Amino acid sequence: MRTLVVLLLVAVANARVYERCEWARLLRNQGMDGYRGISLANWVCLTEWESHYNTRATNHNTDGSTDYGIFQINSRWWCNDSQTPTSNACNIRCSELLTDDVIVAIKCAKRVVRDPNGIGAWVAWRQHCQGQDLSSYLAGCGL
């Protein structure tokens, strides 16, 4: 039990939590501003509400699936966690979404929004970002 607690603390300690403007710059540099018509502010809002910009965020859902990483990408549809029956549409292991190298997560998020639901696939975006004034998400970032 003590070993498990230590391992969990190490995993949390190694999490990368981005500062809002730093994250916005990274997203812009990865071509997310305007990708599929989605503004940078929408991406920043989405990830604020999904993970608070935390690369190691996970959330277990009532259907047995898990959401992974800074975008909270779901194991039922987008990645393989070897526990959930999956479509694995991003063709990745879910653990790849929990690393500090967010390029895989960004590529998968781009794949998600190519589906008919677009950015609406994320409940947090629908509840907190859709139709809102999102200017505060880029305020002070110089973007």
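Note: Cβ is positioned from N, Cα and C throughout, glycine not excepted.
Among the features that Swiss-Prot reports, signal peptide is placed at 1-15.
What Swiss-Prot lists as domain 'C-type lysozyme' is 16-143.
Using a 10 Å radius centred on the Cβ of Cys141 (disulfide bond) and all shown protein chains, the other Cβ atoms total 17. The DSSP secondary structure for Cys141 (disulfide bond) is coil. If you look up Swiss-Prot, you'll see Cys21-Cys141 (among others) marked as disulfide bond.
All chains included, 23 other C-beta atoms sit within 10 angstroms of the C-beta of Cys45 (disulfide bond). In the three-state DSSP classification, Cys45 (disulfide bond) falls within a helix. The annotation disulfide bond is assigned in Swiss-Prot to Cys45-Cys129 (among others).
If you look up Swiss-Prot, you'll see Glu50 (among others) marked as active site. For Glu50 (active site), other Cβ atoms within 10 Å of its Cβ number 22. For the recorded site, Glu50 (active site), the DSSP three-state label reads helix.
For Asp67 (active site), the same-chain residues lying six or more positions away in sequence with a CB closer than 8 A to its CB are Glu50, Ala57, Thr58, Asn59, Asn61, Ile73, Asn74, Ser75. Classification of Asp67 (active site) by DSSP places it within a strand. Taken from Swiss-Prot, the feature active site covers Asp67 (among others).
Long-range Cβ neighbours of Cys79 (disulfide bond) (same chain, at least 6 residues apart, Cβ-Cβ under 8 Å): Tyr68, Ile73, Thr86, Asn88, Cys90, Ile92, Arg93, Cys94, Glu96, Leu97, Cys108. Taken from Swiss-Prot, the feature disulfide bond applies to Cys79-Cys94 (among others).
Taken from Swiss-Prot, the feature N-linked glycosylation site covers Asn80. Around Asn80 (N-linked glycosylation site), taking its Cβ as the centre, 18 other Cβ atoms fall within 10 Å, counting all chains.
Among the features that Swiss-Prot reports, disulfide bond is placed at Cys90-Cys108 (among others). Taken residue by residue with DSSP, Cys108 (disulfide bond) is part of a helix.
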Averaging the per-residue pLDDT over the domain 'C-type lysozyme' (16-143), what integer do you get?
97
Can you figure out which of Cys45, Asn80, Cys129 (the recorded positions) comes closest in space to Cys141 (disulfide bond), comparing Cα atoms?
Cys45
